[in-house]
Amino acid sequence: MAQEVDTAQGAEMRRGAGAARGRASWCWALALLWLAVVPGWSRVSGIPSRRHWPVPYKRFDFRPKPDPYCQAKYTFCPTGSPIPVMEGDDDIEVFRLQAPVWEFKYGDLLGHLKIMHDAIGFRSTLTGKNYTMEWYELFQLGNCTFPHLRPEMDAPFWCNQGAACFFEGIDDVHWKENGTLVQVATISGNMFNQMAKWVKQDNETGIYYETWNVKASPEKGAETWFDSYDCSKFVLRTFNKLAEFGAEFKNIETNYTRIFLYSGEPTYLGNETSVFGPTGNKTLGLAIKRFYYPFKPHLPTKEFLLSLLQIFDAVIVHKQFYLFYNFEYWFLPMKFPFIKITYEEIPLPIRNKTLSGL
């Protein structure tokens, strides 16, 4: 689809048929957990703040072709295939799949921190065939979270796309060994076919990955500034859509990983043209690039450790963060506890009884 589900091209290392995990080098992972910011610019004055929160995730009319500069370390969706059309009277078992991020490389290491990747499994009772469906980054997690600073370009260069991947088979051992493989519902073939049409539309219009959830504080009911758009959100959207079609889910606990930044009210800075264009704010543009500099990939160990110190100093001491969301830049005045990884329960949806005959 979007060349991903429909044509089966793809990117990621798997165990067996396995599923995709957050894919970046260990250095990117550490940097992600430490956050990023380099001092050098404070909040812009005179630019009006947007008052409608959270900022809606922007959808697009079509998925653009990736720039050749963007290269994946692990091929996206290498065993992918088109979503099949099911017989209307087929009973399709639906499974919740969850395993530690980077499990293919680090085993259960990140599972102990509850940093998990989510996917969905299906089994046709008529054919006995199993399928896996997931949504993840085309060019690994680091590229979706931080840009490249190319010397020939004034603006940071982003290799950020996420997409759905569908392939035959479920790697039972992978999901069961360190994670979860549990049936959550049974749907009809008609519901599955309806879902397949929705997945294609969702995949063609929701094109970029967003790592961060940004809130005012960890307190319940605190203002949410920005929502993430990642593998777990795809699973949640799909489950909700199946419930709209009439699927009835089991009453079991389902938890998901979320990475939070905490800040005061964000300040809107502008898009690439208004910040980095011919009439842009050169001081602001330089500050943003300095902010992202510690996240350069493939740093030598000594330089990488120095970058971590810069990150710690910036986010803890200077309380600054620049967020790129909807292809626009925002300034976040960071607040304690700055960053937090949670493993929160989000209940399975309730069936729409008016559509249960599908």
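Each position is counted from 1, following the chain as shown.
Cβ from N, Cα, C; glycine included.
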(request) Check Swiss-Prot and name the cysteine among C27, C70 that pairs with C159 in a disulfide. (result) C70
(request) Could you tell me which of C27, C77 is bonded to C165 by a disulfide, according to Swiss-Prot? (result) C77
(message) According to DSSP, does N130 (N-linked glycosylation site) sit in a helix, a strand, or coil?
(response) strand
(message) Going by Cα-Cα distance, which of the recorded positions (C77, C159, N281) sits nearest to N130 (N-linked glycosylation site)?
(response) C77
(message) Restricting to the recorded positions C77, N143, N203, N271, N281, which ones have a CA within 10 Å of the CA of C159 (disulfide bond)?
(response) N143
(request) Given the glycosylation sites N143, N178, N203, N271, N352, state which is nearest to C77 (disulfide bond) when distance is taken between Cα atoms. (result) N203
